[in-house]
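To start, the structure itself, in structure tokens.
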């Protein structure tokens, strides 16, 4: 058992190293707690907002973007969001159904019930999460599809008018506070948010994003469970084919490791691109970069000029020679 475990550690160390780095970058408070959304979550939730963000209970950055969007989007943009969300629900429902079938099939692999129970538990959990993602996506699709106007979509994405979070009495329960009519005039130090009539809803944000999170978790558990299956087949020498099971296990781990490394590099590149884009234009977060509004307007003018020139050239090509 000793040498075998050492070989396992050696084979998958790079994969786990990448996974640890991803989780470290995602959860270290010193790296993420003081991002641009820091002021918003502190104004809205007090210092408790940092805990919500670090623990991933609430994506306060996404909540901030939603707060901005439901108040500033045009009606056409709101309805476009609705159609995009419906398409997302459909795609996740199909993928979740397929993955639930994969998880069920995995439980029928030969000798699955002869290996350690953790492999079966993870594959079973993966199957259930796939089913749950289908259920939640279907329910969300039904809810959003019933919103027939831009105003109804805005209201569904909001929790109504902003209410004061900070400075409340410690003796006031959360439910009593949320049901109160205490105004939120002094809540946001950013005057733009202070003047907005609607405040983003945590529950609506969760309903919109939960199916994807469930599907991602189902994929993760299946990969781990499938890897454990071959690991235990090797270590327990089931069917006296330990060498073959070892080779399959290493192949599975190398494949998963290469994907994790690729995803990690892609995530780093996207984060660097987003940072550069925000520094130059503030696009996608104008409320965080008000000084970039002039840059945005200038960029839009340049894009219109390019589009007009292209349309002019196309018109000349389509015209009489």
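Just so it is clear, glycine is given a Cβ too, placed from its N, Cα and C backbone atoms.
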Ranges in play 163-183, 184-204, 247-267, with TrEMBL marking transmembrane segment at 247-267
Of the ranges 115-137, 138-160, which one does TrEMBL list as transmembrane segment? 115-137
Return the stretch with the most CB pairs under 8 A relative to the transmembrane segment (115-137), choosing among 89-109, 214-235, 247-267. 214-235
